[in-house]
């Protein structure tokens, strides 16, 4: 049976991941730990014999720089890269920049978990005059006001991620191209929900760790056969637990 592989990679730890802050569309740098995670992911993919025909990422530098580090370790810095805002992290509205633990102390662990992980619940929205509104950012100048979020749930994130997947990425995988997507926790959760047909309840508990390659294998009809993380299982579980605990008051 012909098998085509896709690699999903959440960016390495960012400075705001390290500070336990809601990030969303805020364009923050990788932390030093995040850079090392990205380099390690590239080395691991190289050791496992992976190479790619094209890469996809968001327009946020923590994902872009993660991809750069990976492609450098794969000796594929020349690889074609498609960048799209549709692969951006979910927009966290007025929560962007706030510390997650402090927000949990104010509103409670359960409310913050719902804001972070529930399927259709949106955080408090920005207003268009807020400096954090993406309409003030030149990289989104070509987008209409209807396309620019004031806040997003996972459900509304899916509304931009899955059409992009279906129109731009899936046909290339179906044609046999080897693809890596370097993106974000929630844009990747949106894609995983679609690929694995997860329920709204199941997606709440899904945590994607930073800097760990997630491999999907598809048959010729683009049906996922199975998926698996590359790396040490104990370390991967620890990173998933760390993601889950970010929104707790402590």
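Don't overthink the numbers, they just go from 1 along the chain as shown.
Any Cβ shown, glycine's included, is placed from N, Cα and C.
Note that the structure is a prediction, hence the values are computed from the model and not measured.
Residues annotated as active site, tele-phosphohistidine intermediate in Swiss-Prot, with sequence analysis given as evidence: 11. Sequence annotations record features per position, and here Swiss-Prot assigns active site, proton donor/acceptor to 89. Per Swiss-Prot, substrate binding site is recorded for 10-17, 23-24, 62, 89-92, 100, 116-117, 185-186, and the stated evidence type is sequence analysis. The site 'Transition state stabilizer' annotation in Swiss-Prot covers 184, and the record cites sequence analysis as its basis.
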Seminar exercise, completed: The correct three-state DSSP answer for residue 16 (substrate binding site) is helix
For this session: Using the structure shown, find which entry in 90, 100 (the binding-site residues) has the sparsest Cβ neighbourhood within 10 Å.
Result: 100
Seminar exercise, completed: For residue 185 (substrate binding site) and residue 11 (active site, tele-phosphohistidine intermediate), the CA-to-CA distance in whole Å is 8
Exercise. For residue 184 (site 'Transition state stabilizer'), which residues of its chain lie six or more apart in sequence with Cβ-Cβ distance below 8 Å?
Worked result: 10, 11, 58, 60, 62, 63, 87, 88, 89, 90
For this session: Reduce the DSSP letter at residue 185 (substrate binding site) to three states and note it down.
Result: helix
Exercise. When you tally the Cβ atoms that lie within 10 Å of each candidate's Cβ, which of the binding-site residues (24, 185) has the highest tally?
Worked result: 24
Problem set entry | All-chain count of other Cβ atoms within 10 Å of residue 16 (substrate binding site) | 20
